[in-house]
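A.B. asks: Mind having a look at this structure? Questions to follow.
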Amino acid sequence: MNDNKIIIFDTTLRDGEQAPGCSLTVKEKIEIAKQLESLGVNVMEAGFPISSPGDFEAVKAIAKLMKKATICGLARCMPKDIDAAFNAVKYARHNRVHVFLATSPIHMKYKLKKTPAEVLKIAEWAVKYARKKIREVEFSAEDAGRSEKEFLYKVVETVIDAGATIVNIPDTVGYMTPYEFGKLIKDIRENVTNIDKAMISVHCHNDLGLAVANSLSAVKNGAGQVECTINGLGERAGNASLEEIVMAIATRKDYFQAVTSINTKEIYKTSRLVSKLTGVNVQPNKAIVGSNAFAHEAGIHQDGVMKKRTTYEIMKPEDIGIKGSNLVLGKHSGRHAFSSRLASLGYDLKQESIEKAFNRFKSLADKKKQVYDEDIVAIVEDEITEIPETYKLEYMHITSGTKTIPTGAVKLKYKGSIVQGASNGDGPVDACYKAIDKITKIKGKLLDYSLKAVTSGKDAVGEVTVLARFGKDVVSGRGASTDIVEASVKAYVNAINKVAFKKRKK
Ligand code: KIV
Ligand code: ZN
């Protein structure tokens with residue numbers, strides 16, 4: 001029997017970006033879109049074009065650039081939304097407009113203030129209107145999970161008759177359980193007379209931690225498309241995670257009898273990129289892409305894995321693109337070894353960026369005996385983000401202690417000169433941040449701060465991610481160093497540079 005080909009619809013750039021504090025610039029969205037294309041997603045929901053001029057521009061730019069994936073834009077069932085979505089995706093080789101309307105009693109009554117008959121009419125109208133512009137139209141029955149089945153069948157049948165080529169069944173509030181959701185898909189297949197004329201898609205949220213299980217149950221019951229996001233990013237508890245769905249289908253092919261087009265070796269790199277650009281860290285025990293996902297700590301497990309890997313590993317780290325981190329580079333390693341390591345980690349950098357990263361690597365190797373792949377990834381990711389370094393950390397000095405008021409003095413390079421300032425604060429990091437605010441006259445409010453050791457040991461590289469509000473903008477910043485205060489300062493300066501860059505562009 002032939003395996004079913006499951007369409008992977010990635011909505012990291014739309015639903016994923018709706019996660020609190022996750023907004024991305026147009027440039028960042030394009031960077032992620034390029035990586036999603038390398039990953040091999042079939043459909044990319046690049047944004048919600050009517051929601052802002054920035055979103056419109058991002059969808060349009062992505063539509064122009066992508067060669068393989070279908071580019072999709074979201075729209076409410078309104079002419080201006082559908083027009084905007086179409087005008088943004090029309091440049092793509094393959095394109096789709098995705099319209100949605102709620103069909104659950106609670107959404108229709110309280111949110112839409114419409115009767116079911118009115119909803120049915122609007123849905124039919126919207127699909128017909130979109131179909132006049134574009135061949136591929138997806139209709140989503142928002143909150144399908146809590147909709148009355150008979151009404152849902154009617155809606156699905158009506159939109160297919162109106163020309164929808166894909167009907168999406170979202171569990172918008174993550175309410176369903178795997179058995180129920182699988183049954184819903186089966187029931188739709190059995191009760192909607194024209195269902196053979198469209199593909200069934202599913203879109204599950206993770207409020208009860210069941211998004212992936214529900215999506216997989218739907219696949220088992222005939223869904224042809226799954227909507228998901230990298231790292232499970234998305235509204236509230238997030239969406240179904242792409243990497244978990246794809247690896248479940250690949251690892252349990254015997255059970256699902258299905259395949260996807262995803263190049264699984266690009267999963268890890270994509271996860272890192274999305275985490276870096278959104279500023280949302282991946283929890284260590286996250287399936288597939290968490291830092292502990294392939295780490296064996298218990299002696300019995302280590303012993304088993306050494307005797308035969310498959311005793312405790314159902315997937316290989318290499319399957320998702322994690323290269324072994326045992327090859328140790330040190331201070332005696334030269335440019336050649338360093339750049340071939342970069343290539344094997346999947347980085348294709350310009351000579352200038354390699355040089356910069358190499359210099360950083362050398363100074364790290366002077367401080368650390370062994371430089372691991374994770375150290376190199378942290379250095380490179382820090383180096384290749386092409387935000388101009390308007391401000392560059394030149395020097396910092398802190399005083400701190402149990403009976404001392406913490407102070408921080410910072411010197412930054414700005415337009416070829418050194419600008420400096422000092423402040424006290426609640427701790428050395430806070431003191432330095434206040435000093436930087438004084439120097440740059442850009443005042444930030446720290447919303448989130450996280451520190452992660454990217455390697456183990458006393459001389460590990462610490463990676464700091466900050467999320468800060470500067471006026472209306474919320475931006476993330478990252479910095480890496482063996483000194484955690486320095487990493488913290490670099491992360492904040494990186495965020496300030498993004499703000500300065502945005503200001504200049506305006
Ligand atoms: O969760 C949801 O219902 C959605 C729709 C717009 C598909 O995101
Ligand atoms: Zn959603």
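Including glycine, each Cβ sits where the backbone N, Cα and C put it.
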A.B. asks: His203, His205, Asn239 show up in TrEMBL as binding Mn(2+); which entry in Asp10, Asp15, Asp426, Asp430 does that record put in the same site?
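C.D. replies: Same Mn(2+) site in TrEMBL: Asp15.
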A.B. asks: Would you count the other CB atoms within 10 A of the CB of His203 (Mn(2+) binding site), including those on all shown protein chains?
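C.D. replies: So the number of other Cβ atoms within 10 Å of His203 (Mn(2+) binding site) is 30.
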A.B. asks: Under DSSP, the region 'Regulatory domain' (392-506) has how many residues in helix, strand and coil?
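C.D. replies: Per-class counts: 35 helix, 51 strand, 29 coil.
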A.B. asks: List the other residues in this chain whose Cβ sits within 8 Å of the Cβ centroid of the Mn(2+) site residues Asp15, His203, His205, Asn239, in sequence order.
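C.D. replies: So the extra residues in range turn out to be Thr11, Pro170, Thr172, Cys204, Asn206, Ala211, Glu227, Cys228, Thr229, Gly234, Glu235, Gly238, Ala240.
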A.B. asks: For the binding-site residues listed here (Asp15, His205, Asn239), tell me which residue's CB has the most neighbouring CB atoms inside 10 Å.
C.D. replies: Asn239
